[in-house]
Structures are given as C-alpha cells and as structure tokens.
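Okay, structure first, notes after.
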Amino acid sequence: MAATTSKIDDSMPARISSDCPEEIREVLYYAWGHDRSGLKKLLKTTGKATAQDPKTGETPLHAAIRACGPASPDDDGQEEDGSVEEAKDIVHDLFLQGAIWNDVDSNNETPGCLALRLGRKSLYQLCIEAGVRAELLFALMGDYEELSSGSEDGDEEMEVQQDDDEEAPQLVSTEDVEPTVEEPKFIPPDAKEKQVTSEEYLNSKLVYDDAKLVDSDLNGVMMAWETDIMRRSVAALIPDSAPGKRILNIGFGMGIVDGMFAELKPSRHHIIEAHPSVLEHLSKDESKFGPSWEKSGPEEGAFKVHKGKWQDIVPKLLEDGEIYDAIYFDTFGEDYSQLRYFFSECIIGIMDQEGKFSFFNGLGADRKICYDVYTKVVEMQCADAGLDVEWEESDVDMSGLEKAGEGEWEGVRRRYWTLDSKSFEGAAVLRYAVGTSNRL
C-alpha cells in the first residue's frame, strides 16, 4: 500500500541521502534536475536507470516525478507546467533504458504512486503504460520459457571436453584473492512480508466465523464485506435473474456467491473447491451445500461439489462435455498467471457461446497503480483469448475498511483491499470483468 501524504518530506535532501554512493547520487541529481542530455550520457552505463539510493530507495523515476512538486488544486490536467513536460521526457528515457515501473521507495511508493499523490496525471499515465508493457512482456517471456523448457527434440547442449594431456589450471590461494565489498542496497519496507502460495494455503488450517474465513497465518481468504461485490457480479453474469442457468463457481470459500446463485434456481450448479477445511465444512449436515443439496438437484450430478484443484477438475468437466452459462472464478493463493491460464486455455471448452465469465478482481488491490495496470492487462489478454470484456465498476463502502487490524480487518494479518475513495477521486471502486465469447 502506498504511504499517506501527511508525513512525507519530498525535498531533495530528504530523498537523496548524504552518504548515497556518488555514481547513484549523480544519476538522481540529473533526473531531479530534468537534465535530459546529461542523463542520457549516464544511461549509457547499464543499471543506471534502475539505481536506488540505499537508504531512501529513491530511483531516477521517483526523482524526476518528485521534482515537479504537487499539482495546483485547480489544475485540471489539461495544461501542465513546464516542469511536467520536462519530466515526461525524462520518464520516457528512463523507461526506454529499463527503469522498473513498480520499484518502491522508503515511503512504500512506486513512481506511479508518487505521481498519483502529487496529482501529476500525465506522469501517472506514463507509469501505467510502462507497467502494462512490462507485464505483457513478462507474460510473453513466460510463454516462451514454457514452450522451450524440457524439450528433448531440440538442439543438444554443447559439451566441453578437456584433453587428457591438457595442463590443469593452477590452484589459486584464497589469500591472494581480495574480498569484494558489496555496495549497500535498498531494502523495501515490505521485504519481509510473507507471500501466500497455493501449496501453503492448501496445507493450512482455516477458521470460519460469521464475518470472515482466515488461514493459519491470519490471511483473509474471504470476508463478509465482499457480499455486495459478489451480488453485483451475479447480477452481471445473469442480468435477468433467469432460472435454469448452468453455473460453475471455482472457489467456494464462505459460500457467499454460491448462495446467490442457488437463489436463482439453476438447472446445473457445480462448485470446485480444493481446500480440506472448506470441504470438511461443506460435508456437514447443516451445510447448505452438503450432501442433501447435491441430492436435491433436478437430476443426478446437476448439483455437485467437485473436490480438488480446478487445474485437475476442469479437464474432466471438459471430457464430460459440461457447458456453463455463467462461470465465476475466485481462488486464493494463486497468482495472475493461473487466472490467465484459466480464461485463455479453459474457458473456450466449457462456456456456452452466449455464456459469461467473471472473477473477483483483487489484482493489485492494495495499490491503485497495480490495479490500473492489471485492468488493462486482463482486458488485452482476454481479447487474445477470444473474450469480449466489459468492465463494470462497483462502489465499495470503505467504512470499517480504513485501517489495518481494525473494523472489518480485526483478526486479519493484512488488508488485501486498500483503495480508498481518494484513489478514484470519488467513491472507492472495484472493477469486475464480464467476459463473453467472440468466437464463432
């Protein structure tokens, strides 16, 4: 989450530390001064665009943006002052030389977070565009690595052999080697924050109460405050509330969205859930989606909880010829690559031509720049997968969600939604995608 504005000193002495290494200080000064010609000379050296003050984490991107200062309250963003125009050139050059769009400083702000806080909309937009380019490139590189790794039919690796009569290299005494002194490096504020993986999540013990579902590390898996968001998602998936729809939900959690789907009297309602604690909860007699619910379907197998990972279950549904009118995706502990794999590789085989797909969009929801970047990335990659995407926005009532450890977040380790109303210049907004097939 980006820092608040009240305690941040944006002056140059505060951001470029007195003991910052000379070669880093130099590039920061040039970026701060918007000296394009001088900076270009420095950027010829590899790594200069990504340099960071080891104490403050200031990067050349931060420096170029911070030097503009805050925008005037009556600035509508249509006419920007000369310093912003100069900064745009510097930011462009830095991104061209490999500057990282989401590096954070000691305030836990990315360059985009800083531009947003200062009200510099055009600079913020440049950061979004750079983030989108970077994420799309990483996705392409990941696809390439997946295709090329483990190939047994490709070129064999070249083996280097040493002739028996070749003289062996002499051993070098460790006393003759001068130890290298590592330059101090900036440590991000959240460097020690534990990241949740799917494997760790599935092996953890979950605890239910009326307001939330948390894992053994107190990560919020699902919370009651999401109810209104899910209600809007259901309305978008089935806008006429028509009965008889074929529904697939991936990730049961607290059963919020499944309860809403059930009220619409679907003809088929399938749930995929992998976590043992959730499955145990579902198996109880008092569960609304337990054995008695499965038996209440219009035909055998119409209402069913599929136990296991969706990566294993979906191929079986495809083999069985299952087709759905509405598909909702809300897993936990998985990164974006898994969501992308689902809508790129799986949707086409199990969704009706007139069907709709949606997911809980918490991608980067603890930082607006990340949220905006992933909104564009998802839209572009859904289009590549043959899905027409329409984003709908839902106001989020932030009462009780403002502070970590308080209100709705009491008993939860970290807030996974932190975008307040200031982030959107109005009510807090959650975007959710509704994808429909554009394939003939």
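Placed from the backbone N, Cα and C atoms, the Cβ positions cover glycine too.
In the record from Swiss-Prot, residues TYR201, PHE252, GLY253, MET254, GLY255, ILE256, VAL257, GLU273, ALA274, HIS275, TRP310, GLN311, ASP330 bind S-adenosyl-L-methionine; the candidate from MET230, MET351 listed for the same site is MET230. Residues TYR201, MET230, PHE252, GLY253, MET254, GLY255, ILE256, VAL257, GLU273, ALA274, HIS275, TRP310, GLN311, ASP330 are recorded as binding S-adenosyl-L-methionine; their most distant pair of Cα atoms lies 23 Å apart. Fewest other C-beta atoms within 10 Å: among the binding-site residues TYR201, PHE252, ILE256, HIS275, GLN311, that description fits GLN311. Spatially close to MET254 (S-adenosyl-L-methionine binding site) yet at least six residues away along the chain are TYR208, LYS212, LEU213, MET222, MET223, ALA224, judged by Cβ distances under 8 angstroms. The Cβ of GLU273 (S-adenosyl-L-methionine binding site) lies under 8 Å from the Cβ of GLY251, PHE252, LEU279, LEU282, VAL305, HIS306, LYS307, each of which sits 6+ residues away along the same chain.
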